[in-house]
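Below you'll find the structure, written out as structure tokens, and then a few comments.
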Amino acid sequence: MMTEKSNGVKSSPANNHNHHPPPSIKANGKDDHRAGSRPQSVAADDDTSPELQRLAEMDTPRRGRGGFQRIVRLVGVIRDWANKNFREEEPRPDSFLERFRGPELQTVTTHQGDDKGGKDGEGKGTKKKFELFVLDPAGDWYYRWLFVIAMPVLYNWCLLVARACFSDLQRNYFVVWLVLDYFSDTVYIADLIIRLRTGFLEQGLLVKDPKKLRDNYIHTLQFKLDVASIIPTDLIYFAVGIHSPEVRFNRLLHFARMFEFFDRTETRTSYPNIFRISNLVLYILVIIHWNACIYYVISKSIGFGVDTWVYPNITDPEYGYLAREYIYCLYWSTLTLTTIGETPPPVKDEEYLFVIFDFLIGVLIFATIVGNVGSMISNMNATRAEFQAKIDAVKHYMQFRKVSKDMEAKVIKWFDYLWTNKKTVDEREVLKNLPAKLRAEIAINVHLSTLKKVRIFQDCEAGLLVELVLKLRPQVFSPGDYICRKGDIGKEMYIIKEGKLAVVADDGVTQYALLSAGSCFGEISILNIKGSKMGNRRTANIRSLGYSDLFCLSKDDLMEAVTEYPDAKKVLEERGREILMKEGLLDENEVAASMEVDVQEKLEQLETNMDTLYTRFARLLAEYTGAQQKLKQRITVLETKMKQNHEDDYLSDGINTPEPTAAE
């Protein structure tokens, strides 16, 4: 069986009765199976038909002994087949992105202090273990934790205040509140620990040093608020009783985590305007809820039913149960803060002060709603308004120039197609605020699959690839539009992203070929390859059947890009010649003639360069000879002066020497 697989010969089920069991599958353990079946498993990854063949062999009834062996073999085959099918394939790295991005940047962390000696080895190991528990504030796990901590914060901000104001709510469900309270306390404490293990960026690098993380958090105001929010004020229950949830108001100080969750959600969501509106509505509902609770407390302190402004007497069955109490107060708070309804007028001074305060808050809420909602709606409709302005301008121009109705309808349909398919975004305008590196990376991610289909660009340099993807321009053609006509000078190449194009005859009806998404044409004509039988003219009529999205690369942009990459230009031209040669569109005689002309031009250029070098060399030699002669003359003059000075010194010494006296 193994020999047949390696030779590519598949045995028939009829012949399988004479085969022995594969030696790689044994009943005595996993090691023998792994050791003996390594080549077989590699071969089995290519095709599942041998496995199915072996399964069919297992089903074939046999006579005699060996039933247990057959069961073991069947189990082994099924296990191998399942492992092979459920094995995750590693994604093949894309060479285009690898050439552009280069090697991935490894995670760099900053540490405090220098470790020395063998004693430090254990410290490093411990530090590595601690680093495993450092959360990246930009990661998904940190965001999930923000969602977890936002829930108890919102619970305390809503229900803790309501329980403190509505005593029936606290007394009827106090067991549930105890469980939720201490669960939220546990989450608060866990959040304090996680904040101590949350990294931060320092010069763009994620800091994971425990001491730095601790110091960075402890010296902030948020740390003081977090500690204050977990102070065990519940101990006051022993003095005032368990039905006094107001002693837990310090839990409201943990509000920053909820706001942080909202901010991160706004940056992550694909619908930021809708989230902002929802967030604003939530804030308004919380304010109305708090105001309703405060109204109930004020009514309780003044006395229920004392006057028309306070809450009615709870002895009345209609107003004496919890649901009616809260709904009535919420209704009163909504009418007061929104100033859209009539409420009973206040009677006492404290009632007047509270209503005045509520009216001021209501005005601020109304202004906030109008401002924020108006701004959000304007932002949501900004793209449509801009697009509609373009359509109106085109309509006005066509009416002014008295364009035919058919052409006007065609233009309107083209605009409708752009809006329906969300193709109104100007890529240059959207990406202009990004640095060049990020723009290039976005462009290569967006246009990568398209650019890879162009034959001449498959092996180009990474730098040239970046230049090219930045120069690709999207174009949309309407049904019946000619992308190019036979005999036109080719100044652009096109890559089909969506739609279908037809290669048609001169009559525009007869179709020779159909081009679909992924096809490209015109890439050879923009290279100006010598010897091409096509030259730089189009050889066919190409027409759009429906609305077609194409990417265009102009000849000028390509030449501008390859100016800085002469080697890449040679590679592109050589690859273009190979393609033309395979398709029989290269005139070898003309190529040879052009090569001879090129050689002759190179020889002439070389002779000119040699003459120039000879002239420069002769000039340098003359300058050298003249400089050497001048140097010799200066040396001769200096020697003469030195000799003259030496003689003068000798004579002066002889004159100044006194004659010896007779006594001496």
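For all residues, glycine too, the Cβ spot is worked out from N, Cα and C.
Note that the coordinates shown come from a computational prediction; the quantities given were computed from them, not determined experimentally.
Swiss-Prot assigns Arg70 and Val247 to opposite sides of the membrane. Swiss-Prot assigns the feature coiled coil to residues 599-653, out of the candidate ranges 104-158, 599-653.
Ranking the recorded positions Phe366, Gly522, Ser525, Thr539 by the number of CB atoms within 10 A of their own CB puts Ser525 at the top.
Counting only same-chain residues at least 6 apart in sequence, those with a Cβ under 8 Å from the Cβ of Arg538 (3',5'-cyclic GMP binding site) are Cys484, Arg485, Lys486, Gly487, Asp488, Ile489, Gly490, Gly522, Ser525. Of the two recorded stretches, the transmembrane segment (249-267) does not lie close to the transmembrane segment (357-381), with fewer than three CB pairs under 8 Å once pairs fewer than 6 apart in sequence are set aside.
Within the set Gly522, Ser525, Arg538, Thr539 that the record links to 3',5'-cyclic GMP, no two Cα atoms are more than 10 Å apart, and one pair reaches that distance. Mapped onto three states, the DSSP output places Ser525 (3',5'-cyclic GMP binding site) in helix.
Simply put, out of 147-168, 179-199, 322-356, 322-356 has the most Cβ pairs sitting under 8 Å from the transmembrane segment (275-298).
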